[in-house]
Amino acid sequence: MTARKRTSSAVTNPENPPPATKEHKPTVASGEDFRLAPPKLGVIFVISSLLCSLYLYLLCFHYNVDDELKRPILINAGLSLVGFFVTLKLIPVAARYVLRRNMFGFDINKRGTPQGEVKVPESLGIVVGIVFLIVAIIFQFFNFTEDSLWLVEYNAALASICFMILLGFVDDVLDVPWRVKLLLPSFATLPLLMAYAGHTTIVIPKPLVSYVGLKILDLGRIYKLYMALLAVFCTNSINIHAGLNGLEIGQTVVIAAAILIHNVMQIGASVDSELRQAHAFSIYLTQPLMATSLAMLAFNWYPSAVFVGDTYTVFAGMTMAVVGILGHFSETLLIFFLPQVLNFLLSLPQLAGIVKCPRHRLPKFDPATGLLTGTKDGTLVNVYLRIFGRKSEKSLCIHLLVFQALACAFCFLLRHFLAGWYK
Amino acid sequence: MTARKRTSSVAKSENPPPATKEHKPTVASGEDFSLAPPKLGVIFVISSLLCSLYIYLLCFHYNVDDELKRPILINAGLSLVGFFVTLKLIPVAARYVLRRNMFGFDINKRGTPQGEVKVPESLGIVVGIVFLIVAIIFQFFNFTEDSLWLVEYNAALASICFMILLGFVDDVLDVPWRVKLLLPSFATLPLLMAYAGHTTIVIPKPLVSYVGLEILDLGRIYKLYMALLAVFCTNSINIHAGLNGLEIGQTVVIAAAILIHNVMQIGASVDSELRQAHAFSIYLTQPLMATSLAMLAFNWYPSAVFVGDTYTVFAGMTMAVVGILGHFSETLLIFFLPQVLNFLLSLPQLAGIVKCPRHRLPKFDPATGLLTGTRDGTLVNVYLRIFGRKSEKSLCIHLLVFQALACAFCFLLRHFLAGWYK
């Protein structure tokens, strides 16, 4: 499911004034002054505190992290904070340009209410993507522990993520067929696969060693195929677990928080320098992802003032796949993605065409009560509603984000208990 | 001057809601949209003119190591595939782009029936994406890879990709020109980080006595120079535009010159590092050439598609990248002589000293079909004022020949100054 709330952009638009080479004065559609609703900073403050406090505590107080590693991490955090404010400032500006180009949608989950008539600017994920790239690029200047291998992986990561943002934005603008959309992440992963110089072995779980006959299995090229599929999965799965205000960014920041906590735990508990570098690498890309996403969430939280577009969902998915691959914790990442996996499995019958698949698989909105009711579509959103009853959109989104957080917590528990038994 | 022929995108039609399964696009105004067939004959002539000397030098004249020749030929093969893929994709993309109301009217045909046709814009995105895919896939075939090479290559890809992204965002959202000036600087950053080469310049022999040094280490100023070079290359192609086929035309002429320069340096040099640097440049310039020629088949007079800022900034950035990483940026600047000239002529208007209109195109007379130079400070107009009125196609050919002559002049200059200069 793509940007679920986009309708046709059938608007007559007064002529764009020919931009002079000097001053550029945009006029807005219909001649009225366009004003974006103010960012919901209070909500963001609460969400940030909930998500980041444990991570910051672990990083700065609980674990004794080497100064050599801690300094770049804190510098990166500082740059990410700057990225947060830059994104916050840029989104209202970009929203005006985007609306002028008739890239907007109507909020389907508010149809029948006055809010449902508002033109919501689409594809603001491009702002997040560009600020993320600039922060990530600038950070290279501050990382003192750079070596050739690190630079290769970092630049390959940047190339992959940048290519994905490009393809996502092209999709948002031109609306490419869904089959092409499935294929695109594979191309974007190629720089990554080339640069991946890590092991392609997997450790056989202890209980299965007797059956398999090996302790370590070298998958070679199949591992690279697995990496490519992981990227395709991550980018698309966030896309289809969507449809509620704030759900796309919300699930991303919850998983990002889990990633950061996992990274810092591995750094703190490990003596293997290579492993610590790998997890630090993941932090260097996840902190900017978190910060820029939270800035957009300030505008996207219920009720959404902007929509994120495919640009954001594929960017977020690709970034998380990249850190999972280069940080060597892709199996852990998959368990963080448990709700997305669930949603994908539920969606399979409709995606495969066995069951009829409508344009939007959103729950049914009742303007009178303001509540959503689950339909028979195979999505986590609908199934959740059918199990737990009707909910308002905001409440349902919060429920699903808590569910996401519980899945991540479950992963940590699983790792803890299986640690000795599994590997 | 940006995509000079864009007018307001007055939206008329509804986008059909895409089904999750089969995507059946309907076209604006309900008529079947069909792109004019590619002008393959013209492309064949242009390709032969540009590539024959290069291929002769590469395969017959110089005795290039097999170890270097094989990746170059593989890259050439991939670029050829890229050529055909681009050829196939442009008509498809043109339909999507038109559906999104990204089109312009050909100002140099205003008053004739051709001037009423909606020409799809920003098709440079197709060239950019195919280029990136070819460049990415090529990594799998380069056997002489090492860490340093991979860093530079990935940094190059990141820079070029970021530039394509910014160019396409500009085409879609129409960002203010001041932002447009700044953007290439951000896109160059991955490159500047990865640049592990020397930051020294060789002082020309006649000046050594004045400077007191034979080699001067510029350090950070060299990196600043690299960033400015990128900003210049991306913007200068943009403002030397306005005629059908001029943007792509100047790019492929310079690209041919780059390739010839690269192969000459490889053939004449024993320094392995230098040869690697020039091979690196070939690996990115061949795909640029091939994909650009494919789009030129549609963009040559009369243009069936427009390239958009996406193409001009992509081409400029790619050439700046190969010039920087191939260590021949001064040579590149001399290839860019017409662009430098155009920039200098444009300065008064860009700086605001002289009034600067939206378009600085020559005046088109529908009756005769000829263009007359105005008083604007562009190479196009100055050329017309010196050499008299011309048709658009003829003027474009003249300017491309001028570009080729400038490149040839550069080779002559290098030849004669070789002993005297360095």
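Every residue, even glycine, has its Cβ placed from backbone N, Cα and C.
Under the heading region 'Disordered', TrEMBL lists A:1-29.
Annotated transmembrane segment per TrEMBL: A:41-61 (among others), in sequence order.
As annotated by TrEMBL, transmembrane segment applies to A:73-95 (among others). For the transmembrane segment (A:73-95), same-chain residues at least 6 beyond its ends with a Cβ under 8 Å from one of its own Cβ atoms are 34, 36, 39, 59, 65, 121, 124, 126-128, 131-132, 134-135, 138-139, 142, 280, 283-284, 287-288, 290-292, 294-296, 298-299, 305-306.
According to TrEMBL, the transmembrane segment annotation covers A:123-142 (among others).
According to TrEMBL, the feature transmembrane segment maps to A:149-170 (among others). Through the fold, the transmembrane segment (A:149-170) approaches residues 123, 125-126, 129-130, 132-133, 136-137, 140, 143, 176, 184-185, 187-192, 194-197, 235, 277, 281, 284-285, 309-315, 318-319, 322-323, 326 of its own chain, all at least 6 residues removed from its boundaries and within a Cβ separation under 8 Å.
Annotated transmembrane segment per TrEMBL: A:182-204 (among others), in sequence order.
Taken from TrEMBL, the feature transmembrane segment applies to A:225-243 (among others). Below 8 angstroms of C-beta separation, residues 1-2, 4-5, 109, 164, 181-182, 185-186, 188-189, 192-193, 196, 219, 251-252, 310, 313-314, 316-318, 320-322, 324-325, 330, 333-334, 337, 339-341, 343-344, 347, 360-363, 379-381 of the same chain, each at least six residues beyond the ends of the transmembrane segment (A:225-243), sit close to that stretch.
Using a Cβ-Cβ cut-off under 8 Å and counting only residues 6 or more beyond its ends in the same chain, the transmembrane segment (A:249-269) has close neighbours at 47, 51-52, 54-55, 58-59, 62-65, 69, 238, 241, 275-276, 279-280, 282-283, 286-287, 289-290, 293-294, 296-297, 300, 308, 312, 316, 320, 323-324, 327, 329, 332-333, 336-337, 339-340, 397, 400-401, 404-405, 408, 411-412. The transmembrane segment annotation in TrEMBL covers A:249-269 (among others).
Positions annotated as transmembrane segment by TrEMBL: A:281-302 (among others).
Through the fold, the transmembrane segment (A:314-338) approaches residues 125, 128-129, 132, 153, 157, 160-161, 164-165, 167-168, 171, 184-185, 188-189, 192, 196, 198-199, 226-227, 230-231, 233-239, 248-249, 252, 255-256, 258-259, 262-263, 266, 275, 278-279, 281-282, 285-286, 289, 293, 407-408, 410-411, 414-415 of its own chain, all at least 6 residues removed from its boundaries and within a Cβ separation under 8 Å. Annotated transmembrane segment per TrEMBL: A:314-338 (among others), in sequence order.
Annotated transmembrane segment per TrEMBL: A:396-418 (among others), in sequence order. For the transmembrane segment (A:396-418), the residues of the chain that approach it from at least six positions outside its boundaries are 244-247, 250-251, 254-255, 257-258, 261-262, 302, 332, 335-336, 338-339, 372, 380-381, 384-385, 388, judged by C-beta separation under 8 angstroms.
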